[in-house]
Ligand SMILES: Nc1ncnc2c1ncn2[C@@H]1O[C@H](COP(=O)(O)OP(=O)(O)OP(=O)(O)O)[C@@H](O)[C@H]1O
């Protein structure tokens, strides 16, 4: 995995080579590219034709004997202007459309890929950084592919064309100009590098500020609850100030660069004019030729100036392309095998761990599971209990293959989870997690999360079974009520019931319940418990339980401590064990003394 993505660094690019990553995207839209290039050339050539026409007007147009020709010259000038206008409009259309097209494709591809990345990636990646790449970096590319590349190409054509025309018009004057070019270009390149370094710093600091903003806005209620709004504002304004200072420094450097470029270019033009004027006075050159040469010199100088600016933009875009490429090539460490083994149909609903040892990639020294072994029979309901941090949720994560263990084997329906198709494997399970994920959208959409093609009737049936119908019905628009970002308009218990309905609708052979009823009041809990019991019928259920009622109903209890299964049995046998982990846990946590 790329360290840059993980650490959230913004890779520093010095060359424009990463822009090559855009070529496959451009290749998809050959017609647009051809349209853009043709109109670019047309616009450049018509621009180059203008000075020739101007010379003819100056040298011949103002004399009486050629009065008839004057009209012709001006007509030609007008025609050239019209051609230039049409070519420029086409260039704009093709080039900008191409930029938009390419960027939407890149956005989609990057998003598609990051959605497949594993928990290992997300343990360290900053979501704000990824979103910033999807927005800011793609925008940078859009301007590169759209405006910048076309301006660059136009100026290269124009610059080279103007230089050639200068040589044709007056080889000796052109010689002087060509000799002066390195004097202008070399300092510009050197200084341009510094400007770019500063611009890059400005962009990086802005990305940091944005990442913080997205995190803080997402957690605004917590900030308010802890009356820490001013702390957040201070943090953000510091980040913005840093970004501003970096930007100001870049702007300052760029202003000096611009002044230098303009002065050098114009003083060279003045020098050419000076020498040229002397030649006209001595009769070596016609005024029209000088005028034509001068126009070409201005074109060439303008093209050179534009290119020096554009180079910086291209490098920024190259940095953006590099960062996006990292996300595009990033591979999940959890993948389906090339030839997945077929899972038995119909599903059996068995699960087993064989001597599984696992440490989270971010904490390789810290074993979350140590030589874990157990067998779950089809249709069995197993409660997993243990102190906080014992490794219960980790066990669920491994079953769903969010991570792979360092050693040992995990099997579902008798097959190693590494040997089967990841999607099929996960389809065998439905989870009600500790942190319910509700997305902005309607209640119905949230229930159908694990089965997007579910009909309204199915959604309602699932909601009824999860005891969610009663609260959904009284929402302003029932099932079509928007729940807000992360379900902010729902209570904890309501979110939990939506999550249960979601699991019911998924109708998977193995149910994973992670304290599924912890946020419910006693009355609703009893109701939901009933719903869950019904759901559990004929299914294999693993339930991380913190409540006695759940534990009592389980066929078996696995007691976890410090990443290991230390006891296994039923409530009666386990609570009778003197100094047993369960007995101690139960007496503390469930008030077993009174309940049993
Ligand atoms: N993504 C992660 N990266 C690194 N360590 C983790 C990660 N998730 C959990 N851990 C660590 O792994 C250990 C087991 O955590 P786990 O979430 O499985 O505990 P648990 O038994 O489910 O606890 P609880 O009852 O509090 O939910 C803990 O020490 C925890 O800090």
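Just so it is clear, glycine is given a Cβ too, placed from its N, Cα and C backbone atoms.
Per TrEMBL, the features are:
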TRANSMEM  32-53  transmembrane segment
DOMAIN    34-316  domain 'ABC transmembrane type-1'
TRANSMEM  73-98  transmembrane segment
TRANSMEM  151-168  transmembrane segment
TRANSMEM  174-191  transmembrane segment
TRANSMEM  256-277  transmembrane segment
TRANSMEM  289-307  transmembrane segment
DOMAIN    351-587  domain 'ABC transporter'
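Taking every listed stretch (73-98, 151-168, 256-277, 289-307) in turn, the largest tally of C-beta pairs under 8 A with the transmembrane segment (32-53) is reached by 73-98.
Mean model confidence of the domain 'ABC transporter' (351-587) amounts to 85 (pLDDT, 0 to 100 scale). Residues of the same chain lying 6 or more positions beyond the ends of the transmembrane segment (289-307) and with a Cβ under 8 Å from any Cβ of it are 47-48, 50-52, 54-55, 58-59, 151-152, 155-156, 158-159, 161-163, 165-166, 169-170, 173-174, 177, 181, 184-185, 261-262, 265-266, 268-269, 272-273, 276-277, 279-280.
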